[in-house]
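Database features (TrEMBL):
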- 62-164: domain 'Large ribosomal subunit protein bL25 L25' (DOMAIN)
- 174-256: domain 'Large ribosomal subunit protein bL25 beta' (DOMAIN)
Amino acid sequence: MLLRRPLQTLTLPLLRRHLSAAAAEALVSPADHHGADPLSPPYDYLPGHPRPDPKHDEVILAVPRASSGRHVAAKERKAGRVPAIVFEQENGQEGGNKRLVSVQSKQIRKLVDHLGRSFFLSRLFRLQVWSEHAGQGELVESVRVLPRKVHLHAGTDEPLNVTFMRAPSSALLKIDVPLMFIGEDASPGLRKGAYFNTIKRTVKYLCPADIVPPYIEVDLSELDVGQKLLMRDLKVHPALKLHQSPDQPICSIIGSRAPEQKKGK
C-alpha cells in the first residue's frame, strides 16, 4: 500500500502500521537516511525488512537457442538443458525483445530445490548468455532477471521450461511474494490450543526491481482466538504496491484443541 503523504508529516504510530518498528524509526530520523525518500528512486531496502541473502547469489549460465517447438525442446532436455525464454518487462508482465535460450537443468533443479519454488520465483539472478556451453565463447548478454515461471515435471520435479523477465533498476515487476509466518510460540491463541489456519502463502505486489523482497514476514505473536490478519496488515516497503484486495485474509486463529484432547483422554 502506497503512502501518499510526505514522510515529514507522518507520525511514528502511523508509519508503524505499514512498516516494522525499526524501519519506522529510521524514516523519522533524517540523520540516519540523509533525507532519502523511500517512495522515490533510487530505491533501497529499509532496516528491519527482509533482503536477499548474498549466499544464495548465483549466475545462471545460458546459451542461445535458434528455434522452439516440441522436438527442439525434447532434444534440449535429452542433452541436460532446459528451454527458456527471456522477455523485456512491460507493466509488470512479459513484453517484447524476446530471446530464446537454454539453461542447465542441474542448475535450475538445484536452485528450485534449495530455495523452494515460490522463493525461486521471487528472487533476482544474473543471467549470462554465452555463445558456447559452460560459459565459454563470446558473452552475448549479461542481464539481471526475475524467474517469471518454471514448469516442473509432475512425477520427477525435473524442470521442463523456464521464463525469465529482464529486471533493470527501472523495471516494475509483478511478483507473488512468499509469506513467512513468525511468532507462533508467542501467539496467545495458539498457546491456548487453537488452530492456525493458513489462507494465503503468497501475495501479489508490483515491486521496483531494486527492492524485490525475498519474502514478507507475518507476525503472529499478538494473534488470539478468532482473530485474523488481512493483506492490509502486512508490513512492506512503502514503494511496493499491493495488487490484490487489501481486505483479503491471509491467516486466522480458529477453534480450540481442548475438547479433542479431553476425548482422547
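Glycine is no exception: its Cβ is also placed from the backbone N, Cα and C atoms.
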Exercise. In this predicted model, what is the average pLDDT of the domain 'Large ribosomal subunit protein bL25 beta' (174-256)?
Worked result: 95
Problem set entry | DSSP residue counts for the domain 'Large ribosomal subunit protein bL25 L25' (62-164), split into helix, strand and coil | 24 helix, 52 strand, 27 coil
